[in-house]
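Asks: Pasting a structure below so you can have a look.
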Amino acid sequence: MEILLPDDHAYPRPDIPAQLVDGLNPPQREAVEYRGDALLIVAGAGSGKTRVLTHRIAGLIATREAWPSQILAITFTNKAAAEMRERVGQLLGDSVEGMWISTFHSACVRILRREAERFGYPQGFTIYDSADSKALMKRIVKSLEAESLGVTVPTALNRISSCKNELIDPDGFARKTDLTNPREQLILEIYRQYQRELQRNRAFDFDDLIAQTVWLFRAHPDIAALYQRRFRHILVDEYQDTNHAQYALIRELTRPVAAENVPLDTRIQLAADGSIPPASLTVVGDSDQSIYAFRGADIRNITEFERDFPGAKTILLEQNYRSTQTILDAANAVIGNNFDRRVKNLWTSAGSGKQIQGYAGRSAHDEAQFVADEIHRIHGTGVSYNDMAVFYRTNAQTRALEEILIRAAVPYRLIGGTKFYERAEVKDIVAYLMSIANPNDELSVRRIINSPKRGIGPASETTISNYAADNDMSFREALRQPDAMGFGLKIRNAVAELAAALDEAEASCNPQRPTGAVPVATMLERLIERIGYIEKLRATGNPQDDARADNVEEFVNVAKEYDKQNPSGNLVEFLTEVALVAAADDIDDESGVVSLMTLHTAKGLEYDTVFITGVEEQLLPHKMSADEPGGLAEERRLFYVGITRARKLLHLTMAMSRTQYGETAPSLPSRFLDEVPNELIDWKQSPAEVLSAPMMRGGGGYGGSSYGNSSYGGYGRGGGRGNSELGVARGSGLKQSFKPTRGNRTFDNQVTGKVKDNSALELASGDRVRHTDFGEGTVRAVLGVGTKRIAEVDFDTAGRKKLLIKIAPLEKC
DNA sequence: CACCCAACAATTTTT
DNA sequence: TTGTTGGGTG
């Protein structure tokens, strides 16, 4: 496609309001002002890319080069989208309203719902999350006895997911793969059945959302033209993490519109042949932060951008506005070990700042205790908990961290992990809503048919399913005719009642009804009331069920909040939002707590103080990456992402032994630690120190001495194999007995808090206490009330700690 | 049909 | 170590 205006005419644009370019450095400014078909902004970590993007958008609007509705901005998470919307809003006011600022997934859902009739789906089609896909796949794998050929549920899901990310449908797969291989044949059959089931349930999985949109555009050029005409300026953030399907989507959207698809009344300036020129494309990314290859992200999308979009302009942003030079030096040194990359060097004018803090614990709990102590110390210097974050490679690492943080009364929040929406009870309620929004979604109806318990077991379920198939109706429709299936009275009634409850709920959210649709939350509350979901949970007297009931109530609150934010919203939109929330989305900046998350979720975020934990061989780099091509380089980028999140103070910690699946094994410092220049790290306790003083006692090992004076190995008494003497306390429950305090403080084998309840313990300043791990000490202060009482204790050997009295293994002495 | 227990497997990162 | 699945019993 011809570029309409030659480069030197297009740039610079003098008419962009000064406040949009003032204060930008030269490359930033150029990135805001450049005009042309394609622009690649290579934005190093912390180089102000969000600022550039928002100002660029605002510039397009302010100069009247574009209407708000002609802007499509794609981000990686909803949170990033919300932030961008907010910041563009600050620059422009109400004009943001008409823009599409969203994730790939939400943008695609929006398109798919609009065009649903064109491919025979209801507008309220269901979106299956990974758990739903898994459940579906389980059934298929089982029915085909695929496991006997070594095709497990995760393998099958992975294969299909990569197919979709590559835009390969079952037929395409059949063409590409070696069908003489029975295993491949089996996977093809699984893929076929899986897609058939999705289709039958009128559902899409996550990967479908992108792939089906691309296929829709390719099959219906007129639909594609609609969006090609509409979006004149497309901006994509985190471009290095796009997969092939996402890339193809962008390509579809940036095609010129052929003359025959141009309506007569268009206000867009046409090319000479009557076609509409392609939309302008701006992508922002950093190949050093590409960490999603495992789910199909193709780094070549960014490295070959200039080839894909001839005439593209590239701008490099290397000045960092986030971190100290020390942190950047570490980051640069680490990433420099990846060859085959465009060299980029982050720099700052902010000064070198504090040294990186290193700590090698003897166990994961020891490591966690260091984290807890540091958090307290730093909080004491006036840093808010909000501004601190703890990162780890695998979710399994949270256990030890949580145990210690709870005990140490550090307020924290887990980001991601077992998410709220993945809890069984919440999924149940969502399944109710999906059943209502999409009656064809058999999977969801089946999920809730006996939840809460109604006495409808697997046998009855199969009967209904068969009846539905025989009579050519949906599963949900069949529920309305329980009399025809030869059930006993009890089951008949139960089924009829469920059908009626669903029908009533469905009717209440129909906008066509005389009194109008009822808000989502109201409908939901009535439904829960009618089926007695919460009531039945509360009745069991089981505290876990109580917690479940709380979660359901919390979900109702989510619905209420949604209604408040979206007065004209509806059930389908609510479900869309629920289906597409990501881990990073629920970070609340005001919550006043420390954030815990995986290195992956940390991408795009920043904190004053950062802890990267578990910097060990086998963990970071993770052992699974070893035999994947490019695996090590990706792990390194992950570490790099973690480092560059820190603004002022970075901690790198590890444990010299780690317990996994109940087995404790020694661990080695990560090779990445060697890549950080020595002089940048201040080891509070180095791996060597741990090894040379293996039998430390009391608080000697960490904490206490490690902060000042230190005396490693000084009085380490031989004898006692680490935890052998701990055999005691384990299950014994109450009062946590007296365990010899001289033990070294490995926490392995330690009970976690649930078994004991110290809430009755009364402490006052000056009391002498004994702690299972820290030995004896003097209470300095007691803060808080009730179950949240915190004791600040000066331990004789372990230093000063804050402890949550309720669950600390603490007693008076 | 619901519940309990025993055996068993599985453990990277996530839109 | 944890969670899940399967079989057997009430």
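Glycine too: its Cβ is placed from the backbone N, Cα and C atoms.
Per TrEMBL, the feature domain 'UvrD-like helicase ATP-binding' maps to A:22-324. Feature annotation from TrEMBL assigns ATP binding site to A:ALA43, A:GLY44, A:ALA45, A:GLY46, A:SER47, A:GLY48, A:LYS49, A:THR50. The annotation domain 'UvrD-like helicase C-terminal' is assigned in TrEMBL to A:325-604.
Let's see these features in context: how buried, what's close, how far.
Replies: On the 0 to 100 pLDDT scale, the domain 'UvrD-like helicase ATP-binding' (A:22-324) averages 89 in the predicted structure.
In the three-state DSSP classification, A:ALA43 (ATP binding site) falls within a strand.
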Asks: Give me the non-local Cβ neighbours of A:GLY48 (ATP binding site): same chain, 6+ apart in sequence, Cβ-Cβ under 8 Å, ordered along the sequence.
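Replies: Result: A:LEU24, A:GLN28, A:LEU317, A:GLN319, A:TYR321.
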Asks: What number of additional C-beta atoms lies within 10 angstroms of the C-beta atom of A:LYS49 (ATP binding site)?
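Replies: There are 22 of them.
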Asks: In sequence order, what residues of the same chain, 6+ apart, have a Cβ less than 8 Å from the Cβ of A:SER47 (ATP binding site)?
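Replies: Result: A:GLN28, A:LEU317, A:GLU318, A:GLN319, A:ASN320, A:TYR321, A:LEU346.
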Asks: What residues, ordered by sequence, lie under 8 A Cβ-to-Cβ from A:GLY44 (ATP binding site) and sit at least six positions away in the same chain?
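Replies: Spatial neighbours, sequence-distant, of A:GLY44 (ATP binding site): A:ASP286, A:ASP288, A:LEU316, A:LEU317, A:GLU318, A:ASN320, A:LYS344, A:LEU346.
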Asks: Near the ATP site, what residues other than A:ALA43, A:GLY44, A:ALA45, A:GLY46, A:SER47, A:GLY48, A:LYS49, A:THR50 in the same chain have a C-beta no further than 8 Å from the centroid of the listed C-beta atoms?
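Replies: After dropping the recorded site residues, what remains is A:VAL52, A:ASP286, A:LEU317, A:ASN320, A:TYR321, A:ARG322.
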Asks: Sort A:LYS49 (ATP binding site) into helix, strand or coil using the DSSP assignment.
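Replies: Assignment for A:LYS49 (ATP binding site) reads helix.
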